[in-house]
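According to Swiss-Prot, the protein has these features:
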BINDING   Cys70, Cys72, Cys85, Cys88  Zn(2+) binding site
BINDING   Asp686, Asp688, Asp690  Mg(2+) binding site
Amino acid sequence: MLQSEKEFDYINIKLASPLRILQWSYRRLPNGQFIGEVQKSETINYRTFKPEMDGLFCERIFGPSRSFECACGKYKLIRYEGLICERCGVELTESRVRRHRMGHINLIYPVAHVWYTNSRPNYMALLLEVEQCEKNLNTSWQILRFSLPGIYDQVLRPILLSDHWPDSSIDEYLKTICKDFSTIALESSNIWAKKSKAWYQKIFEIYQELLYAKIETIYQFIEFIDNIDLTKQPTSVNFIFDYLENEKILDLMNPISLTNEITASQDPAQIDLVDPSRDIFLFLNTFPKKQHKELFRKLIRKSNTVKSLDDRIKRIKLASLAYFIAEDEISYYGLHWDLQQYRRSRELGFTAYPLKPEPKPKLQNRRYNTPKYLLRMTPTYLIGAVLIKKELEDLDIIKEIQRTRKFIVICSKILHKEKPIYHFLRWFRKWELQRAYKLRDQAIKRIRILENLLATGSNPAWMILTILPVIPPALRPMIQLEGGRFATSDLNELYRRIITRNNRLLRLLEIDAPQLIIRNEKRMLQEAVDTLIDNGKRGKIALSANNRPLKSLSDIIKGKHGRFRQNLLGKRVDYSGRSVIVVGPSLRLNECGLPYEMALELFQPFLIREMINQGLASNMKIARNLIEQNEAIIDPVLEKVLSNHPIFLNRAPTLHRLGIQAFEPILVQGRAIKLHPLVCSAFNADFDGDQMAVHIPLSLESQSECYMLMLAPYNFLSPANGEPIILPSQDMVLGCYYLTVSNIKGLLGSNQYFASLEDVLLAYNQDKIELHTAIWIRYTDNYIEPLNFKKQIQLNDASYIEIYENMQIRRDKDGNKIVQYLQTTTGRVIFNYTVQTTLNLLS
């Protein structure tokens with residue numbers, strides 16, 4: 001078997017496309033047959049103990065169970081290597097190929113990846129600009145929560161509205177909506193009763209976005225019945241329908257750009273998306289109930305001649321019109337309202353969609369009935385992962401990035417109340433400030449996702465799975481135990497559920513089963529895929545036969561015992577050690593205390609080489625003997641080796657890149673690693689028994705990277721948010737406060753005079769003064785303006801002393817300054833001396 005070694009600088013992780021998943025598993029046999037799809041849920045034959053063909057352990061897909069032996073037994077020798085059996089189709093090769101050959105499952109119905117629908121933040125919600133998407137994208141995968149009782153039982157089969165509805169169905173529905181329906185519908189119908197000359201004279205534009213296609217429909221009333229007495233006008237169905245058609249209410253061929261209209265508008269605050277629509281359909285409700293039945297029939301028949309870009313759009317729009325005519329609570333605020341709100345948020349995004357969702361208008365006290373018949377018009381492809389996939393496919397990543405960037409700039413200007421944006425968009429004042437900040441943060445998260453998708457060349461629609469990869473069988477083994485029993489991986493059970501439900505869904509579609517059963521099967525398929533990817537992510541944990549949680553793919557790779565931390569990051573390596581950490585406040589940020597015994601063992605090869613170079617030993621054996629005897633000549637050589645060789649310190653778990661940092665080692669006694677307390681926050685370490693690992697960089701390149709990139713002082717800012725990560729802790733702040741306190745009186749050695757900082761430290765070490773003793777120290781560097789003059793003392797040599805509140809200045813007879821003393825405390829001297837020593841300010 002050929003093996004190739006390739007050098008690479010980095011690994012690029014991205015979404016896998018359906019084509020890439022097929023490339024992982026699809027292979028073509030010499031007879032022209034394509035293999036790779038797992039079609040059966042069986043694993044092995046319990047009589048022959050051989051893998052089932054096209055099953056989860058199929059030898060034709062994943063390779064032979066025994067090296068150079070086909071499934072049927074026709075070929076068994078190594079001389080047939082590379083041959084494909086013409087009887088069973090198994091390639092004669094080594095059995096270890098079962099560790100990397102993959103298969104796939106063609107899903108009958110697309111399913112959403114649970115990592116992106118139930119994540120925090122919700123990636124699909126950010127991409128589609130739908131708030132609270134995690135509540136909408138549940139296992140039934142209805143992106144629109146209709147909030148209607150019994151919706152799952154009512155939506156049975158899609159019915160084309162363009163077809164002629166049975167009269168019996170229309171009669172039954174109209175009896176429902178017309179029951180107790182008065183001629184005067186709402187307050188607006190009082191005008192009808194009073195025979196007003198002009199009901200409305202108003203020009204407005206109403207934008208109604210519909211879900212499945214990128215088309216906006218404009219409903220217009222232009223010069224509505226100007227100065228016309230409604231009582232003198234014919235009220236026949238023909239008049240109503242002709243009026244609706246003439247006024248272009250039913251014109252479905254008027255797509256407009258809502259974004260452009262709002263941008264061009266001089267006063268966006270006047271755009272009303274609710275009341276004008278209600279006014280239109282309240283007008284329809286002013287006609288007597290006996291005319292509704294005929295009006296409905298005419299609308300349905302006329303729909304055959306209505307031009308539309310797509311039959312689906314026509315169906316939804318006419319259904320919406322029927323809802324409004326019904327003036328029902330659920331019809332007005334049910335399906336149509338959710339369609340409108342979702343499309344508005346999707347098309348306009350956060351730029352023009354109100355930051356505070358529009359509340360549903362209040363209705364009058366009436367009896368409402370659920371229009372079950374109209375609910376059945378909802379096509380099956382308007383719900384589920386198919387719809388989400390369609391919306392994600394329509395995303396133009398480059399345009400979305402540009403639009404989101406503009407919104408972030410505009411939102412920032414509004415939050416800072418910059419002119420003229422803030423005053424031009426007066427309607428922003430109605431929005432809650434916290435919500436504005438929240439949406440700007442969401443836009444920032446969204447642009448990060450979009451830029452990552454663009455950089456990796458990924459399509460967001462790949463978050464919806466149409467082809468499910470099957471990992472190699474050697475990674476999910478089935479082992480035979482004593483007594484004929486088998487121990488198998490949980491992944492086999494999870495894959496078996498998916499294949500079983502997928503095949504059952506295919507069978508239901510072939511026999512044209514009721515939609516209720518098909519939808520339930522789609523839900524079960526989605527749940528099975530969710531459990532395979534991440535069991536428990538949805539909230540419900542799938543259990544095995546003995547009530548044990550099944551181990552999913554996510555459980556295998558995450559956690560302390562997962563593949564990364566257990567087998568990759570936690571491997572034992574050479575030139576490494578481990579010990580408990582203790583505090584070392586006297587160290588610098590770039591230093592750490594390395595125990596002598598550990599340094600002697602870790603740096604032994606470097607130590608031997610240096611001893612040979614200095615002539616202390618003639619060969620490795622003599623040098624090793626000197627080290628074992630712990631001769632005194634070893635110490636200076638070891639210090640020289642350590643002076644130019646950094647080390648890595650790592651604390652598990654390594655959750656971010658600051659979990660591994662470089663330090664310059666300092667030899668210390670004992671067996672514990674000393675660490676500066678300020679660098680503990682990056683490691684998330686404390687001194688209650690934590691352990692850290694030491695690693696030695698061997699090559700010159702790695703050592704140069706330590707000095708240039710990974711030293712602790714160079715990791716001052718957090719890579720996550722740019723905030724300082726090296727900050728003084730509470731005990732440090734309290735210690736600095738206690739060190740510099742100056743209001744304690746009556747202490748040992750008060751009011752003594754000192755010539756320098758070193759004299760103060762010497763007196764403190766000899767216990768002649770205390771930490772908070774008030775002292776006078778000579779100060780000669782810079783002139784300080786004295787304050788609060790108290791008195792002046794004349795001396796015999798004509799000089800005099802000026803005494804201030806915290807200063808004493810001695811001057812000669814001409815007024816020239818001879819010397820000055822500052823009043824301070826011993827603790828402040830220690831603090832000042834430490835700072836100057838660290839900054840190399842002392843001469």
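Easy rule for this one: first residue shown is 1, then count along the chain.
Using the three backbone atoms N, Cα and C, a Cβ is placed for every residue, glycine included.
What you are looking at is a predicted structure, and each value in this text was computed from that prediction instead of being measured.
Distribution of Swiss-Prot features across the structure.
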residue	record	DSSP class
Cys70	Zn(2+) binding site	coil
Cys85	Zn(2+) binding site	coil
Asp686	Mg(2+) binding site	coil
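The binding-site residues in question are Asp686, Asp688, Asp690, and the one with the fewest Cβ neighbours inside 10 Å is Asp688. With a cut-off of 8 Å between CB atoms and residues at least 6 apart in sequence, the same chain places Cys85, Arg87, Cys88, Val90 near Cys72 (Zn(2+) binding site), listed in sequence order. Counting Cβ atoms from all protein chains shown, Cys85 (Zn(2+) binding site) has 21 others lying within 10 Å of its own Cβ. Across the structure, Asp690 (Mg(2+) binding site) and Cys70 (Zn(2+) binding site) are spaced 54 Å apart at their Cα atoms. Apart from the site residues Cys70, Cys72, Cys85, Cys88, the chain places the Cβ of Ala71, Gly73, Lys74, Tyr75, Glu86, Arg87, Gly89, Val90 no farther than 8 Å from the centroid of the site's Cβ atoms, the recorded Zn(2+) location. Counting only same-chain residues six or more apart in sequence, the Cβ atoms lying under 8 angstroms from the Cβ of Cys70 (Zn(2+) binding site) belong to Glu59, Pro64, Lys76, Cys85, Arg87, Cys88, Val90, Leu92. The 10 Å shell around the Cβ of Cys88 (Zn(2+) binding site) contains 16 further Cβ atoms across the protein chains shown. Taking the mean position of the Cβ atoms of Asp686, Asp688, Asp690 as the Mg(2+) site, the remaining same-chain residues with a Cβ inside 8 Å of that point are Ile581, Ala685, Phe687, Gly689.
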